[in-house]
Every structure is written in C-alpha cells, then in structure tokens.
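These notes concern the structure reproduced below.
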Amino acid sequence: MSSPGDTAVLVLAAGPGTRMRSDTPKVLHTLGGRSMLSHLLHAIAKVAPQHLAVVLGHDHERIAPLIADWADDLGRPIDVALQERPRGTGDAVRCGLSALPDDYAGVLVVTSGDTPLLDADTVADLIAGHTATRAAVTVLTTTLSDPSGYGRILRTQDNEVTAIVEHADATESQREIREVNAGVYAFDTAALRSALNRLSADNAQQELYLTDVIAILRGDGLPIRARHVDDSALVAGVNNRVQLAQLGAELNRRIVAAHQLAGVTVVDPATTWIDVDVTIGRDTVIHPGTQLLGRTQIGGHCVVGPDTTLTDVSVGDGASVVRTHGTGSSVGAGATVGPFAYLRPGTVLGDDGKLGAFVETKNATIGTGTKVPHLTYVGDADIGEHSNIGASSVFVNYDGESKRRTTVGSHVRTGSDTMFVAPVTVGDGAYTGAGTVVREDVPPGALAVSAGPQRNIEGWVRRKRPGSAAARAAEAAEKAAGGRPAGEAE
C-alpha cells in the first residue's frame, strides 16, 4: 500500500518524433554515449522513486527490451505502459497511471523522455518544493530567448500560475511571453486523476493536453506552483537533429569541464569529445581531435591524442596513445601506441609495450615490454614478454576457411618481413631471419631462416631491358669501375 510520502515518476516516450526524420525512435537517438531515454532514466534512478514507469507508443517493440536492459544495469524495476493510439500527453499520463498501484497516493512526477540533460538534483528539488508547499501541481519553468514551439506560462498580476497555453493555441500577445513550460511536473496524484477525467480535445491538435490540467485544478481552487530553472539546458527538449546536436555539444562541454576541474588537461575542449561513462585519471593530457567513447578508462599521467578515437579501451597509468583508432582493447601502464595504430577488439598490450606506426592488432595478447615498432599486422596471436617483432611482419591467421592462432614466446627477435603462418609456435629466445616464412614451429633459442642462397644473374638488365634507364645506369657504373659489362665475353 502506498503512502503520501511515496514518489512515482512517469516518463512520456510515446510520441513518434516525426520531426527527427528518422527510422530510429526519437528517444533512442544518442548524445554523450547514451540514448536520450537512457540519460533520463539514469538521472531519475538517482532520485530513487518508489515507482518508475515509461509510457511507450510508437516503436514500443524496439524500446521496451532496452528499458529492461537499463533496469538491470540500474538494479531497479522500470515498468512500461502502452499508449496504443496517440491522443496527446494527457492521455499518455492516463495510460501511465495504469502502471502504478490503484491506491497510489504519493507525489507523481511526469517528464518527457526527450530531455536528456535533466539531472537528479533538479528532479529532487522539484519534489522537495512541491511537498513543502502542498500544491496540487508544481510545474518547472524556464526562460528562453526564443520560446517558439514551447507552451507559455500564464500568470496573474500577483505572479500566480493560471494556465499553460500551447504554442499552437497561443494568441500573438501570449507568444511574446518568454517563460515556458519545461514539461516536468510534480502532481498530487488524486488531484491529477480527477482533472484527467475532465480533459477535452477542443484545441488545435485535437488532443488531450496534460497542460490543460493546470487550468482545471486552478478552477477547483487548488494551489498551483511553479519552480523556475535558470539553467535552461537542463530542461531543454529535442524535436529535431539541430536541437540534438546543440544539446550534444552542451553536454560535451559540461563533461569536458568536469574532467578539467578534476585535474585533466584538455588542450582544446572544442575538438575533444568525451562520453558520460568515460573515466580519466589526474594529470593526463588530452590533445586536440580526441574522442573518448563508450566506457573508455584512461589512467593518470597519460598522453592521449592528437587525432585519437578510443571506444571501450582501457589505458594504464603513464601510457601514451597518439593518432590511434582503438576499440575493445587494453593498453598497459607505461606503454606507447602510435602514431597511426589500429587496435581492434581483443587487443591486450602489456605494461611498457609498444605498438608503433602503422601497426594493426586484433584479438592479440602482447606481453610486458614487447615491441611491435612498425608496419605490422598482429592478428589472433599471443606474444610473450620483451620480444621484438621486425618491421613489415604479418601474422597470417586465415587459411581461407577459419582463423588460427600464432604463439611467440618471450625474448624473441624476429627479422623484418617475417610471415607467421598459423598455427605455429616460436619458442622463447628464438630468432628469425629477414624475409622468413615460418610454417613450422621454431624451437627455443633457434634461428629460423626459410630463404635459400641468393643467386645473382649477371647482365640480366642489359639483355632483358636494353636501352632502359636501369641499363644505362648499370653500364655507366661498370665503366666507372673499369670493368667489362656483366655477361659480355672477353
């Protein structure tokens, strides 16, 4: 049984979002590494309401499973209610009430699912203010320089809220009002239920407006309150991709600033993008053109960038990652990566290791202190500690049907242009000569050389490429040396 001290939150996410011009439901569009709806649910969960429900309509089959996943991540239940026909926000709330206990008598917060920057502090402040004043409804408002498209707040000369008029139904004088409805409310649930039963669709949209509840409750003589939010971005909604980009940039500005205040140097905030779930240690330097995405974790005293994109990558303390694209990988403490390295999923680079210029790795474990300096592909491989892989080497992992692994031991030295044809094992302390194709296992401490003796065919250029620049150069060199052209009889 509920009590007057309980809190419930309804998130309205049933609209089709046609102005997004997208096959993706509006609330699933992302900024800062999360969808708009996910941002909002994470914020609401911090308030810890007794009940949390989302009202879905358009594309509910796609959204509901994601809500279940987020509920698991947040460790709390999130109910789903369905608005089968789009009949306005008032009808959406009526549908949402079905997800609450019939006897629920606490505070009911209603918000839209397209306000991704709404934070827990703002919601908690709304609930506290509403409870303290014992109002029938408390509405969040904000002031905009361009209020086009927003419902306007109507007040008496005594500054009391009398109604909210939607933009489409507002008169010219009402459209001059810059204080707007933020779309976030706290209701006395009993009063709300009563008002919902008296809503009318006699308006420009022929819908049941939740905002009309304000005038109905005032007509009942019940107290109406408003709480103004100075930071309008916290309650800004998204209706199109221009607004999505604007809020995405604002969210990123706040994320970057928070890291800077926590001791991270961000050289150029304007070209640095950091998702909400990224962590960065103090005294790390982030250079221009860097994107840190997903659940990337950067240690302290690191150097990242410029022109680096890391998604779900962990980087240990003191590491350097320069001009690198990485996904689903791990870089050990003190390691160096780049420039122009490509870390594909499953890459694990040990402490003090090196992946140099134009190195690509995939599903590979590279041990402590091991160096892969340049121009090399390491795929499906395990390399031990303190080994060195020569330039232009390739771990040949695909036989045309399946991927196979290569194992290279510790303290191994391989020559340039070595091909490791998997499956093959190179033992500890072994060497390979330049140009070696390793098709069989190499014992520990052995030198593997696959090439035969070099054979020089004298005079080949003169005979096969007569008159060419190469032939003329060779003839001049031979004359300068006082010799007869190679291959010419005495």
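A Cβ is built for glycine as well, from the same backbone N, Cα and C atoms used for every other residue.
Summarised as a single figure, the pLDDT of the region 'Pyrophosphorylase' (1-241) averages 94. Annotation comment: Swiss-Prot describes 1-241 as region 'Pyrophosphorylase', evidence class sequence analysis.
Per Swiss-Prot, the feature UDP-N-acetyl-alpha-D-glucosamine binding site maps to 12-15, Lys26, Gln83, 88-89, 112-114, Gly151, Glu166, Asn181, Asn239, Arg344, Lys362, Tyr377, Asn388. Cβ environment of Gly88 (UDP-N-acetyl-alpha-D-glucosamine binding site): Ala201, Gln205, Glu207, Leu208, Tyr209, Leu210 lie under 8 Å away, each six or more residues apart in the same chain.
Positions annotated as Mg(2+) binding site by Swiss-Prot, on the basis of sequence analysis: Asp114, Asn239. DSSP classifies Asn239 (Mg(2+) binding site) as coil under the three-state reduction. Sequence-distant contacts of Asn239 (Mg(2+) binding site), defined by Cβ-Cβ distance under 8 angstroms and a gap of at least six in the same chain, are Gly17, Arg19, Met20, Lys26, Asp114, Gly149.
Same-chain neighbours of the region 'Linker' (242-262): 20, 29, 31-32, 116-117, 233, 236, 269, 272-276, 278, 280, 282, 286, counting only residues six or more beyond its ends whose CB sits under 8 Å from a CB of the stretch. Per Swiss-Prot, region 'Linker' is recorded for 242-262, and the stated evidence type is sequence analysis.
Swiss-Prot lists 263-490 with the feature region 'N-acetyltransferase'.
What Swiss-Prot lists as active site, proton acceptor is His374. Every protein chain shown contributes to the tally, and the Cβ of His374 (active site, proton acceptor) ends up with 19 other Cβ atoms within 10 Å.
Counting only residues at least six positions away in the same chain, the Cβ atoms of Gly379, Asp380, Ala381, Lys403, Arg404, Arg405, Thr406, Ala422 sit under 8 Å from the Cβ of Asn397 (acetyl-CoA binding site). In three-state terms derived from DSSP, Asn397 (acetyl-CoA binding site) belongs to neither a helical nor a strand segment and is classed as coil. Residues or ranges marked as acetyl-CoA binding site by Swiss-Prot on the basis of sequence analysis: Ala391, Asn397, Tyr398, Ser416, Ala434.
Residues or ranges marked as region 'Disordered' in Swiss-Prot: 462-490.
Residues Ala391, Asn397, Tyr398, Ser416, Ala434, recorded as binding acetyl-CoA, reach a greatest CA to CA spacing of 22 Å. Each of the binding-site residues Leu12, Ala391 was ranked by the number of other C-beta atoms within 10 Å, and first place falls to Leu12. Reduced to three states, the DSSP call for Glu166 (UDP-N-acetyl-alpha-D-glucosamine binding site) is coil.
In the three-state DSSP assignment, the secondary structure recorded for Arg344 (UDP-N-acetyl-alpha-D-glucosamine binding site) is coil. Most Cβ neighbours within 10 Å, among the binding-site residues Gly15, Gly113: Gly113 holds that distinction in the structure as shown.
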